Amino acid sequence: MSNRFAVILAAGKGTRMKSKLYKVLHPVCGKPMVQHVVDQVSQLGLQKLVTVVGHGAEMVQEQLGNVSEFALQAEQLGTAHAVDQAAGVLANEEGTTLVICGDTPLITAETMEALLQQHKEAGAMATVLTAYIEEPAGYGRIVRNENGHVEKIVEHKDANEKELAIKEINTGTYCFDNKALFASLSKVSNDNVQGEYYLPDVIEILKNEGHIVSAYQTEHFDETLGVNDRVALSQAEIIMKNRINRKNMVNGVTIIDPSNTYISADAIIGSDTVLHPGTIIEGNTVIGSDCEIGPHTVIRDSEIGDRTIIRQSTVHDSKLGTEVSVGPFAHIRPDSVIGDEVRVGNFVEIKKTVFGNRSKASHLSYIGDAQVGEDVNLGCGSITVNYDGKNKFKTVIGNGVFIGCNSNLVAPVTVEDGAYVAAGSTITENVPSKALSVARARQVNKEDYVDQLLNKKKS
C-alpha cells in the first residue's frame, strides 16, 4: 500500500454559526466536529495528518494535540489556497492524499476507505467523493464526459442552466496523487464570482493534462453533511445520535425510547443494560452490563459497575461499583468513589467522597469531603459539615458506624469503627470505636404547661 496522507480543512471563520466558539469545535454528541473527523481518518493508516487552521488556531491545536501537524491559513482565499498551506509538510511526499473538511463530523472511515480503494483501482490522479440528491441547490455539480469520467466540478454560483440540472454533487472530500495535487495548486485561478481559489479546479486541470479523474458515489449522503450554521448542527446531532443509539442497541443495550435518549460518541455501555427515556450519557462514560439507567438521569465522565440502578439522578466524574442503587433525585458530584452494594437514596448529595461497600445513605443527606467505611448506615438528614466559610475539612467514618437521623458531623472529625451517633447530635469531637456519642440538649418536659399558658392568655 502506498503512503497515505490527509489534509483537514479547518480554517473557516464560521460566521453563519454566529458564535464566539470556533466553528469546527462545536460539539456533535459531546465531541467537537473536527475531533470526529480526526478520529475517523486516523483509522486509515496515515503517515501524516495536517490540519489547516485559521481563525482560532490555538483552540484547534489544543483540542487535537499531537495527533496532527498544523498549517496556518492566515487569510481565507478559498479551499485550494487552504490545501496549499500544507505544502511545507507534504509537497515532496510520494503517495495519496485525502482532503476533507473539518466540519463534516458524520463521515466514516469506511466511506473514506472505499474512496481510497476506488482511487487506487482506477489508477487515478484524483478521485472525488460524490452523492446523488434530488435537491442539489448550493452544491458543486459533477460534470461527466461521454465516457462517464469526471470532466470538471462546477460550483453552484458559477454553473449554467444545464449544469444546475445535474443532481450528482461534490461532497467536498477528495483524494489525490500527492505530488500531482501540489503541482496543480499553483495553476488554480481565482477568476470566478467569489474571487477565490477553488480546490475543485484542480480536477479540471488534471483532466486537461490527460490524467484519469475518478469518482466514488456514496449511498450515504448524510455522512457528507457540512455544518455551516446551527440548523445543520442540529441535523448532524440527530443523525449522530441515531447512529450511536443504533450501534448500542445492536450491541445488546435496550433503549426504551431512542428519540429521547442521548449517548456521547465515546461512551461505552455493556450488554443487557436498559436506558429509560430522558437518559443523557456524556463524555467518556463507561457503564457495565445489566444496569438500569433512568428515567431522566445524567451521567458524565463516570464509570458505572455491573447491575447498578440509577434513577432520576446525576452522576459526574465519579466511579460507582457493582450492584449500587442511586436515587431517585440523588446527586453524585465529581471525585467520588462509591463501593459495591451501596445505597444512595433520594435527595442525597455526595461530593469528593470515598463511600465503602454495603454502606447506605438512604434519605436527605449531604456527604462531602469524606471517607466512609464499609457497612455504614447514615440516617435521614445526616450532614457532614465540611466548610467553615473559607476552607474545606475532611470527615472520616469508620467501618460499621451507625449515624442517627438529623446528625451533623462538624469536620475535621473522625467517627471510629463500630461507633454509634445518637439521632439529633452535632458531633464536634472524635468518637471512639464502639462508643455511643450523644451531643444534644437533654429533653425537659414541663407538666401542665399548655393549660397554664392558655389560662394566662384568657386572663
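Heads up, residue numbers simply count up from 1 along the chain you see.
Cβ coordinates come from backbone N, Cα and C, glycine included.
Taken straight from Swiss-Prot:
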- His363: active site, proton acceptor (ACT_SITE)
- 9-12, Lys23, Gln73, 78-79, Gly140, Glu155, Asn170, Asn228, Arg333, Lys351, Tyr366, Asn377: UDP-N-acetyl-alpha-D-glucosamine binding site (BINDING)
- Asp103, Asn228: Mg(2+) binding site (BINDING)
- Asn386, Tyr387, Ala423, Arg440: acetyl-CoA binding site (BINDING)
- 1-230: region 'Pyrophosphorylase' (REGION)
- 231-251: region 'Linker' (REGION)
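Positions of the features from Swiss-Prot, shown on the structure.
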residue : record                                        : contacts (Cβ under 8 Å, 6+ apart)
Leu9    : UDP-N-acetyl-alpha-D-glucosamine binding site : Val52, Thr79, Ala82, Val83, Val99, Ile100, Cys101, Gly102
Lys23   : UDP-N-acetyl-alpha-D-glucosamine binding site : Gly12, Lys13, Gly14, Met17, Met33, Asp103, Val227, Asn228
Gly140  : UDP-N-acetyl-alpha-D-glucosamine binding site : Ile153, Val154, Glu155, His156, Ile169, Asn170, Gly172, Pro200
Arg333  : UDP-N-acetyl-alpha-D-glucosamine binding site : His316, Asp317, Ser318, Glu349, Ile350, Lys351, Lys352, Gly368
His363  : active site, proton acceptor                  : Gly345, Asn346, Phe347, Val348, Cys380, Gly381
Tyr366  : UDP-N-acetyl-alpha-D-glucosamine binding site : Val348, Glu349, Lys351, Ile383, Thr384
Asn386  : acetyl-CoA binding site                       : Gly368, Asp369, Ala370, Lys392, Phe393, Lys394, Thr395, Ala411
Ala423  : acetyl-CoA binding site                       : Gly379, Gly404, Cys405, Asn406, Ser407
Arg440  : acetyl-CoA binding site                       : Ala422, Gly424, Ser425, Thr426
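Comparing local CB density within 10 A for the binding-site residues Asn170, Asn228, the maximum falls on Asn170. The predicted model assigns the region 'Pyrophosphorylase' (1-230) a mean pLDDT of 94. In this structure the alpha carbons, written CA, of Tyr387 (acetyl-CoA binding site) and Ala11 (UDP-N-acetyl-alpha-D-glucosamine binding site) are 47 Å apart. Cβ neighbour density within 10 Å is lowest for Tyr387 among the binding-site residues Ala11, Gly78, Asp103, Tyr387. Arg440 (acetyl-CoA binding site) carries neither a helix nor a strand DSSP state and counts as coil. Taken residue by residue with DSSP, Ala423 (acetyl-CoA binding site) is part of neither helix nor strand, so it is coil.
Secondary structure at the residue listed as 'active site, proton acceptor', as computed by DSSP, is strand. Gly140 (UDP-N-acetyl-alpha-D-glucosamine binding site) carries neither a helix nor a strand DSSP state and counts as coil. DSSP classifies Lys23 (UDP-N-acetyl-alpha-D-glucosamine binding site) as helix under the three-state reduction.
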